[in-house]
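Trainee: Handing you a structure now.
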Amino acid sequence: MAKAKIAVNGYGTIGKRVADAAQAQDDMEIIGISKTKPNYEAAVAHQLGYDIYAPAANLEAFEKAGMPAAGSIEEMVEKADVIVDCTPGGIGKSNKALYEKAGVKAIWQGGEDHELAGYSFNAVANYEGALGLDFVRVVSCNTTGLCRVIYPIDKAFGTKKVRVTLARRATDPNDIKKGPINAIVPDPIKLPSHHGPDVKTVIPHIDITSAAMKIPTTLMHVHTVNMELKNECTAEDVRQVLGSQSRVRFVGQGITSTAEIMEVARDIKRPRNDMWENCVWPDSITMHEGELYFFQAIHQESIVVPENVDAIRAMMELESDGAKSILKTNKAIGL
């Protein structure tokens, strides 16, 4: 069977990871990535053997920089079966007309609104609904992390309501322009934050409210999750449910911080120190008067990467069973 031809529009924090993950699959291949300028990320892509595409006006700049582009972004789009749009939040919507004109399928990231694609995706919760779709939005890192735990718990025990407090990393490790550096910022001030409503685009029946703040760290987000459940269960019951999820990792054995989780990612030789799984502290899982509480950490740079691969597989109908796609993706990337 011919491999699906994938192009990544925007080779940044998410795009470069999606490119590597898709290239690792046996049913898809990267036919090109796009960069607007010949910076260090473009140089690395060139060294890795990816064909680089650029805005037509910038092709000469790439040539002069010693990394000649294979063509324009429009030409890249024409060659692909699926475009994974990893451009900065709010930019991707301006590319929709280009994709529609070329007749290609497209995946956007969580920085875009649900309405742009009309379908928000999480592999565990709603894979089958994306089969054959032309446009899909993979929800954000935080929403992905919430869907991965809320969906199986709700399926096992039923959910009356969910309340989440998110301590969000201020920015990514390579970003020198954002902060805060020495402050805690309620973000947004007006509640709820967008994360709860965003979960409902994937799991509509969930009653969920969220509040978020930005804190001066770049490593990971941390969620405090509170769920009021419909059916009685114990903390051990919840541990068994979460422990059965291939994209949930229990972190114990003296791990008490996001810094130590990132050290684990280094020690197990993950590419770019990525932690694709939700990292749940099993000792934090507590039941009190029918309500569940636990902490989880989310690696914002990588958690959505396997989800993008599964979205490609669903849209191209390479696999009809979401559970099988998840296992296939996991095996190929080493999760």
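Heads up, the Cβ atoms here are built off N, Cα and C, so glycines get one too.
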Trainee: Among Q296, Q300, which residue does Swiss-Prot annotate as binding NAD(+) at the site that also has T13, I14, G111, R169?
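Mentor: Of the residues offered, the record points to Q300.
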Trainee: Which ones, of the recorded positions S140, C141, N142, T171, H195, G196, have a Cα no more than 10 Å from the Cα of Q300 (NAD(+) binding site)?
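Mentor: The recorded positions passing the 10 Å Cα test are S140, C141, N142, T171.
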Trainee: So, three-state DSSP: helix, strand or coil for R169 (NAD(+) binding site)?
Mentor: strand
Trainee: Give me the count of other Cβ atoms within 10 A of the Cβ belonging to T171 (D-glyceraldehyde 3-phosphate binding site).
Mentor: 18
Trainee: Across the record's NAD(+)-binding residues T13, I14, G111, R169, Q300, the largest CA-CA distance in angstrom?
Mentor: 16
